[in-house]
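Residues annotated as active site, proton acceptor in TrEMBL: 103. As annotated by TrEMBL, Ca(2+) 1 binding site applies to 104, 107, 109, 111, 113, 125. Residues or ranges marked as substrate binding site in TrEMBL: 200. Residues or ranges marked as heme b binding site in TrEMBL: 230. As annotated by TrEMBL, Ca(2+) 2 binding site applies to 231, 275, 278, 283. Residues or ranges marked as disulfide bond by TrEMBL: 72-152, 105-110, 158-351, 237-262. Residues or ranges marked as domain 'Plant heme peroxidase family profile' by TrEMBL: 62-355. Taken from TrEMBL, the feature site 'Transition state stabilizer' covers 99.
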């Protein structure tokens, strides 16, 4: 009752009423007016509190570089050691894991959906056109996951393991490092149709590339620097045949060299280095290839073909530090595409199947 009296007095003083009535002498109309205003104030307060709660929850649901600091403190060491062993066995694996991460993030976000196997009742993304008979490195992720489960049972997502492994593959091949935000959870679904339509193809035009990256919240600059991932790895003949036989903006000697192992028909799975100079070292040689019209994919050469990205390609071709700096920052943005966090998704025990 005393609180109500205080609110009445405070309200009427604020409103500069000339009469100094006590709360007991207020008219019914005056009390009704005050009650309406008081309820409106309470409503606004509760609404603001609700919005604040949502903002706090959203902030807590974001990725964090210290997400596993106490729940799985040895995670980074486990992933790095396993990736080191994998790359010692096959240097190409760094590029394969990096490609897996990219193809995962471009289909409904970085949620490890690409790791799910097809079953009689489930269609995953492994047999989508961009992944069929080319996506590789799944066994490496399986090995890392098994080791992580021993150390931290049911704690670390496959999506986070893939993000860390992609970073470590780049570092172990001489590339830049970056701090990987963590806290992703694993999808319980996958989309083969989205994988077929949302992953850029090696036949894409510059306009298509810019548009597809923009759809994921990435800029044209991000697109150009992330394409620098092609400085490592190998590609199948079927992905660059049309480039070396039909494109005119290509170095003749380079085309002839690639044609020797990629016939006009047949040999679809024959391999060639995407970066002909240093295919097992992460550096800026890819951009030097582009300025010399030696891009292996049509989509690669589109970045340097009298278009909007020519100057950036030139910069990266002679400034390795700028390439490394921008690549690291763009990888963090790539890894932040629509992650499942909080209670969404799950922590898979086996990366190939939902729990």
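Count begins at 1; order follows the chain as displayed.
Backbone N, Cα and C define each Cβ position, glycine as well.
Projection of TrEMBL feature records onto the structure.
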residue: 72; record: disulfide bond; Cβ contacts under 8 Å, 6 or more apart: 148, 151, 152, 155, 156
residue: 99; record: site 'Transition state stabilizer'; Cβ contacts under 8 Å, 6 or more apart: 135, 137, 229, 233
residue: 104; record: Ca(2+) 1 binding site; Cβ contacts under 8 Å, 6 or more apart: 110, 111, 112, 113, 114, 115, 159, 162
residue: 109; record: Ca(2+) 1 binding site; Cβ contacts under 8 Å, 6 or more apart: 337, 338, 339, 340
residue: 200; record: substrate binding site; Cβ contacts under 8 Å, 6 or more apart: 106, 208, 209, 212, 213, 299
residue: 230; record: heme b binding site; Cβ contacts under 8 Å, 6 or more apart: 274, 275, 286, 296, 297, 300
residue: 237; record: disulfide bond; Cβ contacts under 8 Å, 6 or more apart: 261, 262, 263, 267, 268, 269, 270, 271, 272
residue: 283; record: Ca(2+) 2 binding site; Cβ contacts under 8 Å, 6 or more apart: 174, 175, 231, 320
residue: 351; record: disulfide bond; Cβ contacts under 8 Å, 6 or more apart: 112, 115, 116, 138, 141, 142, 145, 158, 161, 186
Euclidean distance between Cα atoms of residue 125 (Ca(2+) 1 binding site) and residue 103 (active site, proton acceptor), Å: 9
Cβ-based isolation winner (fewest other Cβ atoms within 10 Å) among the disulfide-bonded residues 110, 152, 158, 262: 152
Sorted by sequence, non-104, 107, 109, 111, 113, 125 residues with Cβ within 8 Å of centre, Ca(2+) 1: 103, 105, 106, 108, 110, 112, 114, 187, 190, 191, 195
Nonlocal residues around residue 105 (disulfide bond), in sequence order (Cβ under 8 Å, 6 or more apart): 216, 334, 335, 337
8 Å Cβ shell about 231, 275, 278, 283 centroid, Ca(2+) 2 site members excluded: 232, 277, 279, 281, 282, 284, 285, 286
Rounded distance in angstrom between the Cα atoms of residue 125 (Ca(2+) 1 binding site) and residue 278 (Ca(2+) 2 binding site): 31
Fewest-neighbour residue among binding-site residues, criterion Cβ within 10 Å, set 113, 231, 278: 278
Averaged pLDDT score, the domain 'Plant heme peroxidase family profile' (62-355): 98
Spatial neighbours of residue 107 (Ca(2+) 1 binding site) that are distant in sequence (at least 6 apart) but have CB under 8 A: 113, 114, 125, 190, 191, 194, 195, 198, 199
